[in-house]
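K.L.:
Handing you this structure, nothing more for now.
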Amino acid sequence: MARSKFERKKPHVNIGTIGHVDHGKTTLTAAISATLSTLGSTAAKKFDEIDAAPEEKARGITINTAHVEYETDNRHYAHVDCPGHADYVKNMITGAAQMDGAILVVSAADGPMPQTREHILLAKQVGVPTLVVFLNKEDQVDDEELLELVELEGRELLSQYDFPGDDIPFVAGSALLALEAVTKNTSIKKGEDKWVDKIFSLMEAVDTYIPTPERDVDKTFLMAVEDVFSITGRGTVATGRIERGIIKVGDTIEIVGLRETRTTTITGLEMFQKTLEEGLAGDNIGILLRGVQKKDIERGMVLAKPGTITPHTQFEAEVYILTKEEGGRHTPFFPGYRPQFYVRTTDVTGTINQFTADDGTDAEMVMPGDRIKMTAELINAIAIEQGMRFAIREGGRTVGAGVVSKILK
């Protein structure tokens, strides 16, 4: 019966390494990859392969990210690592590589640094739900008390940003020494090298402490409307990609955003010119709606399970503003700035009223390349929820990206 073990689908989790530059994020990624490759299910990725992260585009922004996959006995992981600090900021805000949890890397020799703080704040704002901490470069710390001090400081910092600082697992080790040991002996086993064992301990903490995320199909139904047309004798069809959940013929849904919310029943589902009984997250589908005129529904509205999403006009968001080189603005902007907010499938005009710096003070203006917290008000109410991503556009070009951190109204 031993065979079946390899056929089971392990739960999939997306994680990443975050933390201050030069504290060893990429080395740790390589060390995890190499260590877990000794278990035989995934090939090791070398440091250079991870460091030469390819460019990708998300919401009109170019980001360098490396994707590494590996498996523990319990799970399959997709791990994202970014070479530069700006790439992290952009990745976390655009959600280009979604993270269900993250490993915060802190150098045991240096302790938490400014970017450590910034990444914890960002993780909180953009909704990375769970963190595990790796205290790297333990081999450079002779004094046990110093290690305890760094851990204490790390826990306080996490609590400050509303993470459960007392409960988060901290694992100390050396990514470099573990990587060297595995590179020398690729069939190394648990118990043969203390540094490699610490990587196994870290992954045990990740396995147990970072929860398996709810799959998209298990969430409540939502689809943003991309197009609307009428079929003579049958009614109005809204097309789009199902963002989450499952939809069946006969289900009652709400049409939310831009106008009064209204309820309707689904009388048919079509995909690739064929009728279906149900649609799942990820499907591009046409939904036939009972008693709805073509003029009643438009691109930018969403179809959703009743009571699960509501229209709003005011929210706080964490945003990244593109530099001139990235194709963004050449000049700063000030409170009162009125761009378009591209949300799901449509642009809505809004006013940016206020900017707040990380230390809580008001900022007078925002420069290209800045990351800032802002308050915005849209001219039309649309379906908005916490953690939702959007682009900021001006005359059709992207000048920034954001994520809703709080709904105000």
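Quick reminder: no glycine exception, Cβ is built from N, Cα and C everywhere.
Per Swiss-Prot, the features are:
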BINDING   19-26, 81-85, 136-139  GTP binding site
BINDING   T26  Mg(2+) binding site
DOMAIN    10-214  domain 'tr-type G'
REGION    19-26  region 'G1'
REGION    60-64  region 'G2'
REGION    81-84  region 'G3'
REGION    136-139  region 'G4'
K.L.:
Fewest other C-beta atoms within 10 angstroms of its own C-beta: which of the binding-site residues D22, E138 fits that?
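P.N.:
Ranked by other Cβ atoms within 10 Å, the binding-site residues D22, E138 bottom out at D22.
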K.L.:
Averaged over the whole of the domain 'tr-type G' (10-214), what is the pLDDT?
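P.N.:
A mean pLDDT of 90 is what the model gives the domain 'tr-type G' (10-214).
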K.L.:
Tell me, in order along the sequence, which binding-site residues from C82, H85, E138 have their CA within 10 Å of T26 (Mg(2+) binding site).
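P.N.:
Qualifying among C82, H85, E138: C82.
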K.L.:
Once near-sequence residues are set aside, which residues in the chain of G19 (GTP binding site), 6 or more away, have Cβ atoms under 8 Å from its Cβ?
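P.N.:
Looking at Cβ-Cβ distances below 8 Å from G19 (GTP binding site), excluding near sequence neighbours, one finds K25, L104, V105, V106, Q115, T116, H119.
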K.L.:
What are the sequence-distant neighbours of C82 (GTP binding site), meaning same chain, six or more residues apart, C-beta distance under 8 angstroms?
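P.N.:
Result: G16, A53, I63, N64, T65, A66, Y88, N91.
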K.L.:
Could you tell me which of these binding-site residues, K25, T26, H85, has the greatest number of Cβ atoms within 10 Å of its own Cβ?
P.N.:
K25
K.L.:
Hey, does DSSP put G19 (GTP binding site) in a helix, a strand, or just coil?
P.N.:
strand
K.L.:
Per DSSP, what is the residue count of the region 'G4' (136-139) in each of helix, strand and coil?
P.N.:
2 helix, 1 strand, 1 coil
K.L.:
For C82 (GTP binding site), name the DSSP secondary structure in the helix/strand/coil scheme.
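P.N.:
The three-state answer is coil.
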K.L.:
In three-state terms from DSSP, label K25 (GTP binding site) for me.
P.N.:
helix
